[in-house]
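Asks: Okay, so TrEMBL annotates it like this:
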{"type": "COMPBIAS", "residues": "1062-1082", "note": "compositional bias 'Basic residues'"}
{"type": "DOMAIN", "residues": "332-468", "note": "domain 'RCK N-terminal'"}
{"type": "DOMAIN", "residues": "757-897", "note": "domain 'RCK N-terminal'"}
{"type": "REGION", "residues": "644-665", "note": "region 'Disordered'"}
{"type": "REGION", "residues": "1033-1095", "note": "region 'Disordered'"}
{"type": "REGION", "residues": "1184-1208", "note": "region 'Disordered'"}
{"type": "TRANSMEM", "residues": "135-156", "note": "transmembrane segment"}
{"type": "TRANSMEM", "residues": "168-189", "note": "transmembrane segment"}
{"type": "TRANSMEM", "residues": "232-253", "note": "transmembrane segment"}
{"type": "TRANSMEM", "residues": "259-278", "note": "transmembrane segment"}
{"type": "TRANSMEM", "residues": "290-315", "note": "transmembrane segment"}
Amino acid sequence: MSDLDSEVLPLPPRYRFRDLLLGDQSFQSEDRLHVEDFSLDSSLSQVQVEFYVNENTFKERLKLFFIKNQRSSLRIRLFNFSLKLLTCLLYMVRVLLDDPALGIGCWGCQKQNFTFNESSPEINWAPILWVERKMTLWVIQVIVAVISFLETMLLIYLSYKGNIWEQIFQVSFVLEMINTLPFIITIFWAPLRNLFIPVFLNCWLAKHALENMINDFHRAILRTQSAMFNQVLILFCTLLCLVFTGTCGIQHLERAGGNLSLLTSFYFCIVTFSTVGYGDVTPKIWPSQLLVVIMICVALVVLPLQFEELVYLWMERQKSGGNYSRHRAQTEKHVILCVSSLKIDLLMDFLNEFYAHPRLQDYYVVILCPTEMDIQVRRVLQIPLWSQRVIYLQGSALKDQDLMRAKMDNGEACFILSSRNEVDRTAADHQTILRAWAVKDFAPNCPLYVQILKPENKFHVKFADHVVCEEECKYALLALNCVCPATSTLITLLVHTSRGQEGQESPEQWQRTYGRCSGNEVYHVRMGDSKFFREYQGKSFTYAAFHAHKKYGVCLIGLKREDNKSILLNPGPRHTLAASDTCFYINITKEENSAFTFKQEESRRRGLVGPGRRQSSTRLPVHSIIASVGTVAMDLQNTECQLAQDGGGSKLAPPTENGSGSRRPSIAPVLELADSSALLPCDLLSDQSEDEMTPSDDEGLSVMEYVKGYPPNSPYIGSSPTLCHLLPVKAPFCCLRLDKGCKHNSYEDAKAYGFKNKLIIVSAETAGNGLYNFIVPLRAYYRSRKELNPIVLLLDNKPDHHFLEAICYFPMVYYMEGSVDNLDSLLQCGIIYADNLVVVDKESTMSAEEDYMADAKTIVNVQTMFRLFPSLSITTELTHPSNMRFMQFRAKDSYSLALSKLEKRERENGSNLAFMFRLPFAAGRVFSISMLDTLLYQSFVKDYMISITRLLLGLDTTPGSGYLCAMKIAEDDLWIGTYGRLFQKLCSSSSEIPIGIYRTQSHVFTSEPQDLRSQSQVSVTMEDCEDTREVKGPWGVRVGTGGGSTHGQHVGSSDPAEHPLLRRKSLQWARRLSRKSPKHAGRAAERTSQQQLSLCRRSERQELSELVKNRMKHLGLPTTGYEDVANLTASDVMNRVNLGYLQDEMNDHQNTLSYVLINPPPDTRLEPSDIVYLIRCDPLAHVASSPESGRRNKLASCNPETREETQL
């Protein structure tokens, strides 16, 4: 018994027909054995309970085998289908062997000959009732009939449920009886063996068996049944059965008529059912004619129903999208895009960015969306460019059937995007999380690319390969826009795929330069395999960065060690390049698609120059960058510098001016390896230590209250720790309120606080956790304490304690309840003391009845603030990028109209950045988070893009990695001359890597008609008149273009048309001009109307000024800080120029614009007011010890001996 207990009982065998009939004898014997064992031991009072005893009956076992069991029932139906086809085949054999001319009669009777007489109206029924059936054929037909009869009766018995008449009067049962009972009767009555039996009707039973067999087949293999396939099959079988029935019926009835063959009858049926009706073959007797009428009526009733069902299923399939075939999934590569709702903008952004990469041209895109396809989306997907590569499936990612339809387990990647237009963004994130979980559960090996809206939900999808949090990136971008102008434009251009061909056909130079530089992207290459950087193996990072840019025009920004997964941006001169390093660089195209052409003749000519004449080698190369399809050709010059006599590194000789011997200040060479005395770059630690040790008199001891550390309270899980400036003790919540005093202080407005720096105001609807990422980059440890700007959060709703607990440790961070559309709220939060105002798109306005109207309120509010506070830098977030054309809208702005035409032309040319020439975007004044959707798409090809972007935005801090900052080119820095020499100066002195320029320039319309331009020139050339000469007094400066682009210089100019603002106090000069030029009376009248318009605008400004001052007096605020917008100073004008707004409101023919140049060529001339984007070394990476600290000009070479170690 112990042996029996130790044995493991085997699993029950599969059902076989013998087991169903006899039962499982082995298990029954074992059961009896167990019962005897239990009876031996009286102490075991156990009772054996048998379950499902009802299934042990003979009927249940048969039902299980014939009906319930999927595999066995499938075999039965397949056997039945084959049996019916066999009967139809035997009937055709009988027809071919039967010849009525040999005689007609019953079995064993005397045969009678039959001849058809067309003139006789009587019908001889003998050929219709009797046929000639061979003995062998009869035996086979009888056996088949008996088997079919027994099977039918058995199935009737098993499926009987109380109503026998329902079973008897089924069409299938009636046909079975008609085709089987006569054969069984002929066994007992021999004369009836030649009786005609319509066996050809078994084709309808075969059709019915085929339908059931397909259903069981799909159920057995656990696949979703294809209704479309079933319906097509049913329609085909119905047509086949109609044709076969008509063919056999007409052939048999015409035995008493024209005696048609089987082939002729088939020909007649095809001609009749196709409605052709040649008339060469016709039935001769009325029974066959009646059969044709019946068959046509049946076809007219049955076929339209079948076609209607087929069309309905086709339309439904068009909506759902069908399936992505398994064969295609195994032979072709595809990615899946999961979205809750698909808009045309989202689709086009994805397709344009995804297929912009050459190696993705053979990929298919399968869209899985639960909603029905939009009309616009349907039209786009019908375009031949996309119809063969994009497949739309209507389904849910939470259903395994839909994931199987999309072949998720064979996909190369799955992109899961959130619906940012939802009112409840948290609910949208929850849906995204469930989709990500469902995909990971179904296809764990499929790479996941997930987009999350709220940062607090990011940790739920940390298992994904790549995650982009929208609010994190958005607020970090907006924060950097306040300290590094147009960072949003810089990052957007970097993450978009472009060939740099935008704007190359434009007549304006800035558009060509801006469009060419926008083609720069981030690429990677292994250093040992690189032609760009291979020669710099063993050299310092800054040495390689400078010489690679000088020689090839590429900008080396970072690298990754082979043994470390972290990416380091500008690790500094201490880092020595190795062959196994992965280098990240900015260039028009990747190195693999570049061809190199060295100018050997020029190199040979330079080799003949003596050592004393080497100054020509210092000339920077003029790179000719030609963007072609897949290849970029670069004309390179030999830029090797002669070694100094003392054995030092390469050194650029200082250039001379106008051929004279006077020398400009020299630029130190970039050392191949940083020695021990020059390991440190010029970092901000020296600034900070100076701040700590020698605070300024006006700041007093308040600066000393800040400490460096990590924020103790993180608002959400998953936020990257960043070293920041913090308060030693957290501020009470009451002190965070800007407009209300408390027991700790009595300040009630921004003026009372006495801030030394300008404010940064953020207008948002709620204090979400993403707003935390706006504060952290502005309080990072590498920013000088003297440069910290106070931050004011203007919130529509009161923040909760959780958020206040997170920000109470940051210095100079305040909040206030109010709205951006309320002038009182703006004045109370100190907008007149602010330099930057950030308007965040409100969640409640993101969804509107008309999609593109979601930005209406934001645009109008910003337009109002722009007119009230013209010197304020306003950065606006929009939901739809196409609405940026309405920012600072001017109805009669001819230049904006020209830009609109340029945008349409670029879009027709297939550009992914058609909106880049809009002035608000180029200047970084407008931003849409949808522009960063391409960051997730690019990660499929460049898996490092998200990491590099987060490092640039300050969201992640890696030890030893640099950070993004900006530096303004002053008048004293213009001696450097070109961007290439600036690159050398920064690398040699402070180890900083420049990556681009933010350029602002005055611009005169070129899109105006020639006569209008001449009119404007005539009107301003009258400056020699007495009245116009008086206008120069308040300004004292003129802004000259100097050949097209002089930016903000306070120098005299002989062209008064270049004034940014030209105010006219009266119309006397216009009248005097009209008297002096009588023959130009029409032009004088035009100028007079223009001046009247200027006076109206002047009046409008005075009204706005009075409005603001009255509101400030009503609120009890001092008006001394508010500058009258009707009397702007020259600094205000230059501020507006630097902001890159549209043309000035007083001069329709003058325009100021700003734009970003990413990695410009080395020979690009520096202009005044240029702002250079820098990647500065990590100040904490290397710290030198020195008894004292010192600081020189940012562009001056640093003295490593004047440094002091700063301890954290």
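Note: Cβ is positioned from N, Cα and C throughout, glycine not excepted.
TrEMBL entries are annotated by machine, without manual review.
Quick caveat, the model's predicted, so the values are computed rather than measured.
Tell me what's around each of these sites.
Replies: Among residues of the same chain six or more beyond the transmembrane segment (135-156), those with a C-beta under 8 A of the stretch's C-beta atoms are 62, 66-67, 76, 80, 83-84, 86-87, 90, 93-94, 97, 167, 173, 176, 179-181, 183-184, 186-187, 193, 199.
Under 8 Å from some Cβ of the transmembrane segment (168-189) lie the Cβ atoms of residues 87, 138, 141-142, 145-146, 148-149, 152, 156, 195, 197-199, 201-202, 204-205, 208, all in the same chain and six or more residues away from its ends.
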Asks: By Cβ distance under 8 Å, which residues at least 6 away from the ends of the transmembrane segment (290-315) in the same chain are close to it?
Replies: 227-228, 231-232, 234-235, 238-239, 242, 245-246, 249-250, 253, 269, 272-273, 283
Asks: Please list the DSSP helix, strand and coil residue counts for the domain 'RCK N-terminal' (332-468).
Replies: 59 helix, 28 strand, 50 coil
Asks: Could you give me three numbers for the domain 'RCK N-terminal' (757-897), the DSSP helix, strand and coil residue counts?
Replies: 60 helix, 29 strand, 52 coil
Asks: Over the domain 'RCK N-terminal' (332-468), what does the predicted model average in pLDDT?
Replies: 89
